[in-house]
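Single-structure report; data block below.
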């Protein structure tokens with residue numbers, strides 16, 4: 001295992017092998033998925049023949065982590081791309097794919113579902129494997145791209161050919177993916193804003209191994225990371241992490257990675273270089289849920305209903321609602337200790353932990369400088385107030401009764417802007433009675449810090465180790 | 001009254017005359033003080049003869065507002081300067097003045113008291129008039145100055161000669177002084193940090209009247225006022241208000257004026273130019289004490305004992321204690337609505353009105369950025385904490401129990417630094433039982449805003465007038 005050859009890090013080798021069951025698919029799993037994929041592709045080809053679309057669909061091919069052999073046993077979804085001739089009409093392409101997928105599902109007696117990314121695709125659920133049928137254009141050069149997914153076959157061939165030269169990196173990519181999952185930062189979707197599968201592969205290949213990647217990341221500073229190092233420096237500051245896509249140098253393959261998510265990766269890497277055993281702890285995957293009381297200063301919002309949106313769009317929207325509600329709370333004088341989005345079972349929760357959920361009766365209103373023309377209006381409004389307005393520095397100031405003292409009121413006002421969203425609002429202790437036990441436990445766990453990596457942090461950092 | 005000739009401001013003329021008793025000494029008062037002053041000076045000359053000091057003391061002369069005829073009837077103190085030959089030893093000068101003053105007091109059967117400004121002077125209390133005997137050097141040119149008060153005779157002759165040319169300005173100076181008193185910003189001492197008598201005179205003379213002065217002040221911006229306009233612009237920003245001393249252009253005659261005090265003057269001036277009647281209201285001098293509840297978020301400190309300090313030094317020190325205690329409160333998470341120094345009867349009080357006097361149990365501790373080496377120490381300390389540390393943006397953050405929640409504790413810690421000061425600390429309601437009624441009423445009045453100018457503000461600004 002070349003990437004992990006560093007003497008000081010040999011300790012990892014063993015544990016990485018010990019926990020290999022977590023990330024290496026068994027031959028049976030592999031066999032099963034391959035069989036299913038073959039079956040689906042064969043039905044697709046049948047349908048293409050039946051519909052006389054052979055001239056239009058240039059290729060039916062497997063893409064994604066399954067094609068690259070970097071998939072995790074728990075991720076049993078396969079991407080099958082229908083690559084259309086680039087002259088074909090976009091709307092027609094979508095319709096044809098829907099038609100083909102529907103007919104394939106009937107032939108297989110399988111379920112079918114429509115999902116949305118940049119454009120719709122179709123998911124056939126068959127023997128516990130999800131086969132995603134994705135339409136794209138067959139292009140020869142990346143610059144001919146018409147839809148975002150046209151790039152995927154280039155990714156597949158770049159990764160495949162890189163791994164053909166260094167097959168041992170597959171294992172290290174799988175370890176990274178498990179690690180990112182445990183850190184809660186795997187996946188580019190808006191709910192996660194983490195590292196995509198492809199980005200994980202590119203990073204391990206770029207650093208020639210997981211350990212060199214973690215060593216480099218331990219020195220990263222958000223907004224200042226540029227990979228490769230000879231990329232144009234003008235890009236610095238355009239995103240917390242910049243990793244040029246090897247198949248399309250105009251694109252930041254890490255554009256989806258959020259600041260917090262990157263910071264978590266950096267934080268882990270820093271601990272790792274001094275305590276490499278923490279990687280074993282992460283792969284072992286133990287966690288503990290410390291006891292934590294939900295008190296009246298924790299306010300929980302359960303999403304009851306929302307406008308029709310794809311999962312990803314919904315997650316993005318909820319994150320924006322979280323941020324704006326948090327800002328409104330702060331502007332109204334509340335100290336927000338934490339604002340969290342928790343996705344427990346099918347329910348979405350926004351959780352605000354406040355320093356206090358009821359503010360004191362009086363507040364200081366800072367008015368204009370005495371020399372400013374606005375001071376007229378301020379005085380007109382406040383001159384008769386008791387206590388009288390006074391001057392602090394060069395500004396008019398008044399101590400007045402706070403209009404809204406309860407956080408719930410501020411939150412409800414802030415949420416009014418978002419039409420079509422309905423919420424149930426509850427204080428910490430109440431939620432015990434109002435939501436299902438496992439959801440309550442999940443929220444309590446998130447608040448207490450029950451993530452695996454926190455468990456490992458305690459184990460390896462607390463006291464003396466670091 | 002030339003300075004008040006502006007058409008729109010004629011309304012002032014009448015009220016200024018109506019309230020003239022407030023600022024114009026009666027012939028009897030004038031007579032009385034002149035008589036006493038003559039008596040004191042004659043005794044001083046007797047003593048000088050007896051001690052054979054005629055060769056050393058070049059002149060005995062009356063200085064200050066009495067000499068300039070700009071004094072207010074309520075201010076019955078007269079400055080008598082002993083002007084020593086400039087070759088005379090400083091320490092000897094001090095001793096001789098003490099000796100002379102003592103002998104004069106004995107001859108008059110009057111009380112005597114020592115006070116301190118830049119150097120000691122002696123106050124003879126005689127028939128309800130205070131005669132201050134001040135030693136200084138007799139110099140021909142301001143550049144020969146040896147002590148700060150050597151400048152005073154130059155001030156007197158500058159003002160006297162200016163007023164000889166425009167005697168009507170005396171009345172306007174007196175109105176300004178009354179106005180400044182009502183605004184609580186008359187006097188250069190550290191307790192007030194306002195406008196000295198001399199500065200008031202210089203300003204009225206410079207603007208050729210009170211109304212043009214107020215009109216100009218209504219356009220002033222603190223830190224940007226330079227008088228005269230052709231003074232070196234490099235001085236701007238060295239003090240909130242810069243007024244070059246006409247007798248010593250190296251000196252800012254307004255150096256003692258604080259930002260808040262200047263702002264109050266500007267604020268009043270702005271209201272005055274639109275509602276000149278407010279000046280009548282100020283001269284009338286009515287005030288009201290609105291009812292105001294002192295609650296538990298108002299913390300009152302009574303100064304019980306302090307190191308030996310002159311009044312002025314004590315006031316300055318207390319203001320610094322006020323500011324630093326306020327900063328400590330803010331740094332510890334308290335929102336300070338107001339911090340006040342109240343001098344009621346012989347007692348000094350520091351009063352803090354807080355948004356709340358008890359903080360919530362939890363606080364957010366913002367740690368270092370995850371990529372910073374300090375994050376090691378932060379994690380070593382907090383990794384085992386519940387709730388676990390988490391990442392916000394690119395920083396480590398922990399929610400922890402607040403160590404000090406009570407404002408009193410923070411205040412007591414902050415005050416420990418000041419050796420020799422002893423305090424009694426009480427919450428608002430308690431003080432009703434713990435301090436004298438008139439002191440309680442004074443503090444309540446300051447908090448509610450019972451100053452005369454606030455009464456006038458309400459009368460002329462509130463609702464529609466402004």
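Cβ from N, Cα, C; glycine included.
Now, the feature entries from TrEMBL:
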type	residues	note
BINDING	B:65, B:68, B:155, B:177, B:186	ATP binding site
BINDING	B:65, B:68, B:155, B:177, B:186	CTP binding site
BINDING	B:77, B:79, B:132	Mg(2+) binding site
DOMAIN	B:42-154	domain 'Polymerase nucleotidyl transferase'
DOMAIN	B:172-278	domain 'tRNA nucleotidyltransferase substrate binding'
DOMAIN	B:304-427	domain 'CCA-adding enzyme C-terminal'
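In sequence order, B:64, B:66, B:78, B:80, B:123, B:130, B:131, B:134 are the same-chain residues whose CB sits within 8 A of the CB centroid of B:77, B:79, B:132, the residues recorded for Mg(2+) being left out. Here the candidates are the binding-site residues B:77, B:79, B:132, and by Cα distance the one nearest residue B:186 (ATP binding site) turns out to be B:77. In the predicted model, the domain 'Polymerase nucleotidyl transferase' (B:42-154) shows an average pLDDT of 93. Less than 8 angstroms from the CB of residue B:65 (ATP binding site) sit B:71, B:72, B:75, B:197, B:201, each of them six or more residues away in the same chain. Per DSSP, the secondary structure of the domain 'CCA-adding enzyme C-terminal' (B:304-427) breaks down as 38 helix, 45 strand, 41 coil.
Sparsest Cβ environment among the binding-site residues B:77, B:79, B:132 (other Cβ atoms counted within 10 Å): B:77. Within its own chain, residue B:68 (ATP binding site) has B:156, B:159, B:160, B:163, B:201 as residues 6 or more apart in sequence whose C-beta sits under 8 angstroms from its own.
The two recorded residues, residue B:77 (Mg(2+) binding site) and residue B:155 (ATP binding site), have Cα atoms 17 Å apart. Cβ environment of residue B:177 (ATP binding site): B:23, B:70, B:72, B:186, B:197, B:200 lie under 8 Å away, each six or more residues apart in the same chain. If you take the Cα of residue B:132 (Mg(2+) binding site) and the Cα of residue B:155 (ATP binding site), they are about 17 angstrom apart, rounded to a whole number. Spatially close to residue B:155 (ATP binding site) yet at least six residues away along the chain are B:63, B:198, B:245, B:247, judged by Cβ distances under 8 angstroms. Within 10 Å of the C-beta of residue B:186 (ATP binding site) there are 22 other C-beta atoms, taking all protein chains into account. Residues B:65, B:68, B:155, B:177, B:186 are the ones the record ties to CTP, and the longest Cα gap between any two of them is 18 Å.
Sorting the domain 'Polymerase nucleotidyl transferase' (B:42-154) by DSSP state (H, G, I as helix; E, B as strand; all else coil) yields 44 helix, 39 strand, 30 coil.
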